[in-house]
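The domain 'Aminotransferase class V' annotation in TrEMBL covers 53-330. Look at TrEMBL and you will find LYS228 tagged as N6-(pyridoxal phosphate)lysine. According to TrEMBL, the feature substrate binding site maps to ARG379.
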Amino acid sequence: MNLKNGSTVKLHVTKLRLAGWHRRGCARIVVMTLPHDDIDPDGLLEYSVVFTDRSLNHMSERFVGVMQDIISVLREAYDASAVAVVPGGGSYGMEAVARQLVTGRKTLIVRNGLFSYRWSQIIDAGRVTDDVTVLTARQTADATTAPWVPAPLDEVTATIRSQRPGVVIAPHVETAAGLQLPEEYLRGLGDAAHEVGALFVLDCVASGCSWVSMDRTGVDVLVSAPQKGWSGTPCAGYVMLSEAGRKAVESTTSTSFAMDLKKWLSIADAYVDGSTPYHATMPTDSLAHNAALMTEARDFGLDRLKDAQTELGGRVRSLLADRGFISIVADAYAAPSVVVSYTGDPDIASGAAFRRVGIQVASGVPLQCGERPDFRTFRLGLFGIDKLRDIDGTVERLRKGLDKLTPATAAADRSGTAG
């Protein structure tokens, strides 16, 4: 078919080839095959009102498979009954949970650092509830480099039984502290919560590949995200639900439109059934990228990744200790996915010293747990399948970087003069 401007369009059953003109009028053939092979090679020609040819349509057969893969892997990893994918990121998943399940309810929060403080920030900003009890982590002694521990389990469970909250919230791994709650602690929280009829919500965004079984621990709602344990790109919050969690979501009303957890649960359910509903535009290309990585993780072995995460965390903690860096948490609560250490050097704390030797770390942040004025840290994340498939290389690359840090820095931290 010839057009008036001289362009030629050839229509095929599933492909579209266009010949265009150079902008200065000189004939230059630019051949384009549609749909693009890297987007949806066997898909339909794109004339919807939602997407262009350069991104994956949420109604495509390929994206149905993407959602089914994501949901299947998440259910397997966490022993979940159902999954909701909330566009945005981990914090969006947290807020979706708060606006669906916390609204107007008495709530107890176990706070172990800045990123479990985020629950309080979400609740306050959205005026979700004004009945909140917070139990914070604490140092074992009033000393600059004394280790931190979570609120004692007996204290937390006694508070749950006396106050009878409707929701109990805790972080599995606190990103600001590298503090992980052991499985027996989680089971204690779950048992106490269910004893008083409360839901148990667990934040696993920073857990890496230390998967938590919702069945074994009594977790009703588990929040995760793509970019840490799943090696993906940030684009959504993953919210996993037990049967009780699903019933709670289905029987409540969210105070958000875009982060309506019940709606996103129904969207995920529909994709499992092969339907393609719409609520708000989803990050289809990012989710497709993430689904491929999640499938790779499952093929490698979720248990193998969990074991590798444990090994890597232990080896990195030993490496840092050998160089005089003191972990801020007690050994019983040391996370294998995030390692946070005290430092007396502002360049270490800001990450600048590491950047000079070619390593990106994360600067220290406050815990919001009543820490001392001289609290100063730096943080290492041990996330991703590439690190876990090459533990020796991961440790060796970090060792070489640490060896390049100035002798003065190492001496200051070895002497315990942080701050």
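Cβ from N, Cα, C; glycine included.
The structure displayed is predicted, hence computed values, not measured ones.
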Which listed residue (LYS228, ARG379) has most other Cβ within 10 Å, given these are recorded positions: LYS228
DSSP three-state assignment (helix, strand or coil) for ARG379 (substrate binding site): strand
Distance [Cα-Cα, Å, rounded] between ARG379 (substrate binding site) and LYS228 (N6-(pyridoxal phosphate)lysine): 14
